Amino acid sequence: MAKQVLILPGDGIGPEIVAQARNVLDVVNNKFSLGLTFTEGLVGGAAIDTTGVPFPEETLATAEAADAILLGAVGGPKWDKLDMAIRPEKGLLGLRSGLELFANLRPAILYPQLAEASSLRPEVVAGLDILIVRELTGGIYFGKPRGVRTLENGEREGFNTYVYSESEIRRIGRVAFEAAQKRNKRLCSVDKANVLEVTVLWREVMDELAKEYPDVELSHMYVDNAAMQLVRAPKQFDVIVTGNMFGDILSDEAAMLTGSIGMLPSASLNAAGKGMYEPCHGSAPDIAGQNMANPLATILSAAMMLRYSLAAEDAAAAIEQAVSDVLDQGLRTRDIAGSSGESVSTQAMGEAVARVLADR
């Protein structure tokens, strides 16, 4: 049976990097006889410009019918003055909530070819391989009430609600424990249980879950210490599980340990295994249309999509090996060029990966 993939190029550099990932997918689709079909849709600023809203009903319907979604990026200064309710980022949040994509998997892997690109000394980051499991649909980003109000004295006050239910914590915990079982069996739960009651419950539920996974070593760490430890000794971590806001911050920090956020993919999954896959970086409007963005995170996101949602492990592994081979050849986009300064374009990098795949 054919598998349907929804392609959402989005904003900024999104269309450029997604185009290269699509070319790579076309190669493996033919090479491995995957039977994939592709549909494109609108989300974010591109959707606002066309339909007036960041997340059209048509996009949601197409996403619900698809087996997997590949997203470029959303947002940009063009839409910054819009009301919060209709900014491009609401399209991304709408996808996550509409498809119940509650689990975000963000690997932070340092390719040995890029050790010099890391902001830390090579001996600190050599062999780095961390997986951050972030809860996506709860916490302060979605809690209500929220808003800005005017007090009786005329002063404005902004407010948000930070809330997690036991069931939300438990389901993301299971994803993290099961991921740890398939890796080095170490899980660090990150919270702020010394201050926030929400994360007191978080810690209690993680401790309860640990009894069901006796082969996994569970530890706890406050988020401020975790941020410090990621810089001081990042290789102490195997799998990290945390809430929405903390995960948003820590995963970007971990990304920079690898040399460039342009190298890192991510997966957002629901309970049925349907996923949305996207690079960890943003829309980078400052370089949009200049053919200099790094497409590798998006290409690697496509590999994750093949692995987690489309049951095509061989094709996923082939893409990942092709990326490594291209790095071995010395090809670098500007963000990972290092001290040499020699770089190739978005298109050249994407074509190199596709060529390696086709020739193998």
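All residue numbers here begin at 1 and follow the chain in the order shown.
Cβ from N, Cα, C; glycine included.
Not measured: the values here are computed from a predicted model.
Sequence annotations record features per position, and here Swiss-Prot assigns NAD(+) binding site to 76-89, 282-294. The feature substrate binding site is assigned by Swiss-Prot to ARG96, ARG106, ARG134, ASP224, with sequence analysis given as support. Annotated Mg(2+) binding site per Swiss-Prot: ASP224, ASP248, ASP252, in sequence order. Taken from Swiss-Prot, the feature site 'Important for catalysis' covers TYR141, LYS192, and the record attributes it to sequence analysis.
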Row ARG96 (substrate binding site), column other C-beta within 10 angstroms, all chains, value 20
ASP248 (Mg(2+) binding site) sits from TYR141 (site 'Important for catalysis') (Cα to Cα, rounded, in Å) at a distance of 10
Span of the recorded substrate site, as the biggest CA-CA distance among ARG96, ARG106, ARG134, ASP224 in Å, is 27
Between the C-alpha atoms of MET84 (NAD(+) binding site) and ARG96 (substrate binding site), the distance in angstrom, to the nearest integer, is 17
One of the binding-site residues GLY76, ARG106, ALA284 has its Cα closest to the Cα of LYS192 (site 'Important for catalysis'), namely ARG106
Expressed in Å to no decimal places, the gap between the Cα atoms of ASP80 (NAD(+) binding site) and ASP248 (Mg(2+) binding site) is 20
Those same-chain residues, other than ASP224, ASP248, ASP252, found with Cβ within 8 Å of the centroid of the Mg(2+)-site Cβ atoms are VAL223, ALA227, MET245, PHE246, GLY247, ILE249, LEU250, SER251, GLU253
Mapped onto three states, the DSSP assignment of ASP248 (Mg(2+) binding site) reads helix
Near ASP248 (Mg(2+) binding site) (Cα-Cα within 10 Å), the binding-site residues in question, chosen from GLY76, PRO88, ARG134, ALA288, MET292, are ARG134
Cα of ASP252 (Mg(2+) binding site) to Cα of ARG96 (substrate binding site), in Å and rounded, measures 19
Out of the recorded positions ARG106, ARG134, LYS192, the residue with the smallest number of other Cβ atoms within 10 Å is LYS192
Of the binding-site residues GLY76, PRO88, ALA284, ALA288, MET292, the one whose Cα sits nearest to the Cα of ARG96 (substrate binding site) is PRO88
Three-class DSSP assignment, ARG106 (substrate binding site), comes back as strand
